[in-house]
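Annotated features, as they stand in TrEMBL:
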SIGNAL    1-18  signal peptide
TRANSMEM  46-67  transmembrane segment
TRANSMEM  79-99  transmembrane segment
TRANSMEM  127-153  transmembrane segment
TRANSMEM  174-196  transmembrane segment
TRANSMEM  202-222  transmembrane segment
TRANSMEM  249-270  transmembrane segment
TRANSMEM  282-302  transmembrane segment
TRANSMEM  314-332  transmembrane segment
TRANSMEM  344-364  transmembrane segment
TRANSMEM  376-396  transmembrane segment
TRANSMEM  408-430  transmembrane segment
Amino acid sequence: MLVTAYFAFVGLLASCLGLELSRCRAKPPGRACSNPSFLRFQLDFYQVYFLALAADWLQAPYLYKLYQHYYFLEGQIAILYVCGLASTVLFGLVASSLVDRLGRKNSCVLFSLTYSLCCLTKLSQDYFVLLVGRALGGLSTALLFSAFEAWYIHEHVERHDFPAEWIPATFARAAFWNHVLAVVAGVAAEAVASWIGLGPVAPFVAAIPLLALAGVLALRNWEENYDQQRAFSKTCAGGLRCLLSDRRVLLLGTIQALFESVIFIFVFLWTPVLDPHGAPLGIVFSSFMAASLLGSSLYRIATSKRYHLQPMHLLSLAVLIVVFSLFMLTFSTSPGQESPVESFIAFLLIELACGLYFPSMSFLRRKVIPETEQAGVLNWFRVPLHLLACLGLLVLHDSDRKTGTRNMFSICSAVMVMALLAVVGLFTVVRHDAELRAPSPAEEPYSPEL
């Protein structure tokens, strides 16, 4: 497994680099944004945001391993994961209101504090302290995915009065570098876990200085901003009306809940499947992230002027790949006949599918869900998503039976078949809908190449 992981990592990195270079050569020259105020403002945002993302990714490869290192049973570890998921969904429901009330800059600083405390709890072997840490991690995750983007958009439009058309360029670049940071974080986590005497807790300790620096830079360089608060009940009521009145939204939410709940279960299972066979967890994680980056690169190429495939087609392909991968895992994790290399390949395919899925889903959500109702609809999407993931971890995984992991993958396969049926239903509804077709590059509004 050790040699396979390193070869896969190098091969995936080379593939990503080759695709990106070929895409850059094929891309027609565009007008670069030379506004120094905008570039300086964007840099101030990236400095803080990328530090926060790097700290988040640095912890991912060794979370399960840390709990295993403290001699907790798989059932106890599953409860810790469920606590994190539950806190994420609970805090996610009120995150927007909390951020508006507290202030976006203050919320970003709060993120750095709560996530630092979350990392510090990993030094304890007390189960209750670790549960508290998972709750703090859920709050931090909710803030990470709400406060930073809200701060940037408000500053971009309201304070600096830059064109709104430039916003997608900033977040497209952030999404690309987020993948790169994830790849680097996996290698860094492997290095600190191997070289520092702290073992699996080392990546969590190493994340604290990054979080502290992010908080300090936000305090020093950012201005505070607030926004009008919309009542939480009105947000949810509007989202529910939109969800029930438009079949496209309902089907899209069904696909998201089924697909992403399976991905959460995969995040829990990959370590116990590969770790017993000597897999270097940090390198394996970096390989996963490189596969996801490869999927994102393939999405951009597939939707380019040369091929002009539609996001709906790529969403269908992503779901099909995951269905195939889960069937592979059902056989490769059979007790007594485990095949870690086949499982590793299946996991890489799942990550490749994620690289296709997330930009496709993001495009379709923007087109189908009205902007004013997106927060409410996404809240309703998250509830079944996390509920399914929590039920999967608590009910389906039986730590006392060797067939528990295989059974989980079997049921996840069935769940993904349901997602595939929902994709077919959505495709039937929108096949003549010109609004859901990606515009050709010539039709796209100008956004600066940064």
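Every residue gets a Cβ built from N, Cα and C, even glycine.
Count of Cβ pairs under 8 Å against the transmembrane segment (202-222): among 174-196, 249-270, 408-430, the largest is for 174-196. Between the transmembrane segment (344-364) and the transmembrane segment (376-396) there are fewer than 3 Cβ pairs closer than 8 Å, counting only pairs 6 or more residues apart in sequence, which means the two stretches are not in contact.
Counting residues 6+ beyond its ends, the transmembrane segment (376-396) has Cβ neighbours under 8 Å at 78-79, 81-82, 85-86, 88-89, 92-93, 235-240, 242-243, 249, 253, 256-258, 260-262, 264-265, 268, 365, 369, 404, 407-408, 411-412, 415 in the same chain.
Remark: the transmembrane segment (46-67) makes no contact with the transmembrane segment (408-430), by the rule of 3 or more CB pairs under 8 A. Contact between the transmembrane segment (174-196) and the transmembrane segment (314-332) is absent: fewer than three CB pairs lie under 8 Å, with pairs separated by 6 or more positions in sequence.
Ranked by the number of CB pairs under 8 Å to the transmembrane segment (314-332), the listed stretches 79-99, 249-270, 282-302, 408-430 are led by 408-430. Counting residues 6+ beyond its ends, the transmembrane segment (282-302) has Cβ neighbours under 8 Å at 5-6, 8-9, 12-13, 15-16, 19-20, 23, 57, 60-62, 175-176, 179-180, 182-191, 193, 203, 270, 274, 309, 314, 318, 344, 347-349, 351-360 in the same chain.
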